[in-house]
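**Student:** Before I ask anything, here is the structure I am working with.
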Amino acid sequence: MHTTFSITRVTSNTCSSASSSSSSATIMTSTSTLTTATTLLTSVAAFLLLSVAINCHIVITEAMPGSSLGVHVVRSPESAVAPKGDEVVFECELNLSPERLKWKFRHSSKRAIDGSNFHYLSVEEGYNVTNEDRTSKLRVFVQLETLGDYQCVAWFGSAAIASTSASLTLVSITIDNSNGYSRNAIRWNVAPKNCALIRCGIVTSNPTAIWNFYRNGEKIQQTDSVPTSGALILNTVTSKDSGNYTCSARNPITGQEVKLPQRIDLRVDYSDRTPPYFLAQPPKQVTARPGDTVVLECPGVGSPPPGAVWSSPNVVNMNNNRTHMLPYGLQINNVLTEDQGSYVCRLDNGIAPALVHIIKFTVLEKPKILRGPARTSANESETLELECSATGNPYPDIYWLINGVDTSEDKEMLHDGRRLVIQHVQKRHAGIVQCFAKNEVGEISEANRLNVNPKQIHGGSTAGGNVPLRLPYEHGGGKNKGKKKHRTATMIPPSRPNVTRLSDDSVMLRWFIPKNDGLPIQFFKVQYRMLGGGSHKLPRENWQTTNDDIPFGKRNRNLDSLKNFTTSVTGLKPDRYYKFRIIAVYSNDDNREGNTSAKFFLQRGDALGLSKSNLPVPILNRVESVSSSAIMLHWSLPIAMTGQSEVDGFYAYYRPTSSAGEYLKATVDGMDTRKFKIDMLESGTAYEFKLQSFNELAASEFSSIIQGKTKKSLSTITPINEALDPSSKASDVENSVYPLVAGAAGGGILLLIVSVTACLCVKKRKNSQTEDQNKPQLDHMQADFVTPQVLSVSSHHKNGSSGSRLNGVLPRMNITPNPLAQEADKLSYRNISVIYSRIVMSWNCVLWPITATPI
């Protein structure tokens, strides 16, 4: 709305300014000359150029994308520690009600730093999932098989957003023997009035263990000591503190208690004067999280007892109300990020040398995303680069999800830390892109929209997609003798595809086009639809379109029989029913779909008891160059075929040797066929070939690759150079002199066209989508994600309703499942029409006084 208003307002000012200029021009008409008219035209053209530039700036400024995504995860599942046999509930909540919400799981043995190795859970498999409006709850019975990471994914149409993951860990407690603690007794001699810190060892406990200490076999009451971090503190020791000390640790959930084997024999007695020393080396590296309370240990002893002085070379304002000096260290309450640094403890009792202990204190921080992925629009097949920067301590690992799928599973993706590069943007990438930052402290994500502008296929202007073909005179007699007859060329649809299983996730389709005089076909598109599972109740999915354009090849008018085509469809899921259909796109840019295939069940190979080794592998003997556009393949089968399955035919694969792209495919029917001609090749070009045998259930391994080259074409085109007569050339130059007024007018029009074109190009590149800018983001999400269409049809027939089909033809088709790529086109067409009308109005205002006044 704002964009249209700006154009109208500027147009009104432009017209009134032009009218004012035309009034001045009328006063000057009594003495006007050719030069005056030229000056006026130039001035007006310059004014129009300036106004169009201002208008374009307004349009582009107002069309800049602004606000955030509009849908987000309100509550992600939280990590849990539970004993075996317990039940844990994970909960996930969104701010909008999704169309569907599912849970993913990754076993603890497959943990990774990214979002890979997850698989979806289903109610049919016995998982207890409860979905209510915007909330979903997953109840998990704790056992070894259910330990790992859990994540919820919500769909809004074809777009999906994922929560951060939560981990389920089993309660445990074990003794850590990697720190040099032994089973032998250690004897310590300490002078009275020192502070002794006793630690028997280290345990690994989830959650943190509770410690108990024993002196001479009797438990020490907490009124006599303060246990902290697995250490017993004895302040101002006396002779009564002498004895044998042992320790034990207990898991607070299970109550399991482990006794550490280390024993310490403490003797408190007066001794000679000694410099400061440590009974046991204290930690040199300490970590804590913000808000924790931590003690930097420096428990030195000596005779007399030493005093400690603390300092730091890089921590500002170390002495504050959160730090407290203790006899055995420095305590920091409510840890903050600025507390991180190096701390120096200097122990001195007046006897040299003093004891210096340096501690590196690290404050762990949850990840924080500094700049998430930007709201982006990209054209199909282009390269797109996204960035996401984050901070945290330790520095977080960054990974990406697009519509809930980890980008490491997509061969089109290159992930280099903070950068995500999509080498060839495809329609399936449209939706929600998420950047996740994760470290040992926590995980965070940020999401935005990724719009993909698909390849558009627009219908022609003739109703029904039929194009009249003008034929020569036909003499038949009667009234029609000698008159021209017209015939309409129809769009012959592809045949129903024949489906063959290739693997657990792919099939091969075969179809044909009969000989016909209809419209030439440019290329084909393949669509497929999942209809559900075999034993599982799975919802049907919408029709999906593959990304590849399957070329028709060179059209051969002398073709006496049908023309066969072959292609493969990958990325399917086993144990599901599918249907397939072929869509042909014709020379008039219209399209027509063929009949849908029979329902096909893609069964797993292990369930069928099949393997590729059951089918004989063809032996490609030689390739024969037949012509400049054809090569003949010759092959054989192994002599010993005992125990191998019968074959129905062969798949021939070929591509130029200079290409690393996909192979073109051809189908050869018949088990006894041993040669096949591949035509419509490029002349003088080297190709590589390979074969597969197949039957209705599987395909064999590939044969070895053999190269062949087509013959060079003998036909040449001789350029014809025509000499020009100098006299006629001079005459043409003389006759091409135009009046000055026409030249100035043409220059003005050219400037105007160039400016408008430049503005439209800039605006198109911005790809703004501001049509509903005043609406809340919730409306955008529901309009863009909730109702995706695989085929977007709009009728251009005068006598047909919207979305109608005439003669089985879709008048206009977007072959794309992307619901995000339509609004920009609507806005662009509206702005083009308004700017065009503005140019016409402005130019009429300029030309009226010139044409109405004689010069």
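Cβ coordinates come from backbone N, Cα and C, glycine included.
I grabbed these lines from TrEMBL:
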- 65-169: domain 'Ig-like' (DOMAIN)
- 198-265: domain 'Ig-like' (DOMAIN)
- 276-350: domain 'Ig-like' (DOMAIN)
- 367-451: domain 'Ig-like' (DOMAIN)
- 476-498: region 'Disordered' (REGION)
- 478-488: compositional bias 'Basic residues' (COMPBIAS)
- 493-607: domain 'Fibronectin type-III' (DOMAIN)
- 615-713: domain 'Fibronectin type-III' (DOMAIN)
- 737-762: transmembrane segment (TRANSMEM)
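Each of these features: where is it, how hidden is it, and who are its neighbours?
**Tutor:** Helix first, then strand, then coil: DSSP counts for the domain 'Ig-like' (65-169) stand at 9 helix, 53 strand, 43 coil.
Note on the domain 'Fibronectin type-III' (493-607): DSSP counts are 3 helix, 55 strand, 57 coil.
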**Student:** With the domain 'Fibronectin type-III' (493-607) as the reference, find which of 65-169, 198-265, 367-451, 615-713 contributes the most Cβ pairs under 8 Å.
**Tutor:** 615-713
**Student:** Check the domain 'Ig-like' (367-451) against each of 65-169, 198-265, 276-350 and return whichever range has the most CB pairs under 8 Å.
**Tutor:** 65-169
**Student:** Within the domain 'Ig-like' (198-265), what mean pLDDT does the predicted structure show?
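**Tutor:** 85, rounded to a whole number.
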